[in-house]
């Protein structure tokens, strides 16, 4: 199945994956080279898991989960399979995020540092809660076959909008967290003197912004949407139809076939009945 602007999509996809992967690598270099490494002992080494897991899960993997429906090589796969992959990637990201939260709270508690006092922590915890709620609602409404089609059609625009809002807020939270960490870490050496760590980590922030911009561009192009399922009608609460809603296809081909067969049989019976009546009248 051909995609409009396939070369442009492929170029942006490769660019997004490259920039996202570089963001993860830059984060690892930051904590391993400038911040003394990783550990799980209540010290700064445990805290260092926080940026690594957040950038890997909340930024990189979440971005891939958002655009997975746009990959033209998956358009021949069943919608249920793609829903499972979409939910699976978000679940992996959520697990990494939870571990990242445990690491930072454990570090704060071990050193008697107050929790939840900064803007970064407020925005970060809020977006984590919203992300988990979004994941749970998505599983129960779109993945599991329990919710009626009318409810899916009603929730779908909210699901799409809130997913993009959460992703954008995650990027904002990561940027504020990186800046906050640099202020604390480079307080003695002077952040304003352009130290190598400051320049390197600012570059990491720019990579995250570029990655987010590429993901937003890919997911908002209508010509790169997954095509509608064949022989399907997409339902909306007002009784109309809408193209592009995920998971709301209802196949009426079998119903049409059975109806046509029934109509043919009924017509044939009526025709035979008419012939029989005519024959009886002629004999009378």
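Quick reminder: no glycine exception, Cβ is built from N, Cα and C everywhere.
Any TrEMBL annotation is an automated prediction that lacks curation.
Summarising the annotation, TrEMBL assigns transmembrane segment to 12-32, 52-73, 85-105, 125-146, 158-179, 199-219. Feature annotation from TrEMBL assigns domain 'Cytochrome b561' to 15-220. Residues annotated as region 'Disordered' in TrEMBL: 256-284. The compositional bias 'Polar residues' feature in TrEMBL is assigned to 256-266.
Remote same-chain residues near the transmembrane segment (52-73) are listed as 1, 3, 6, 9, 13, 16-17, 20-21, 23-24, 27-28, 31, 38, 82, 85-86, 89-90, 92-97, 99-100, 103, 131, 163-164, 167, 170-171, 174, 177, 208, 211-212, 215, 218-219, 224-226, 246 (criterion: CB distance under 8 Å, separation of at least six residues from the stretch ends). The transmembrane segment (199-219) makes contact with the transmembrane segment (12-32): 3 or more of their CB pairs lie within 8 A, with pairs spaced 6 or more apart in sequence.
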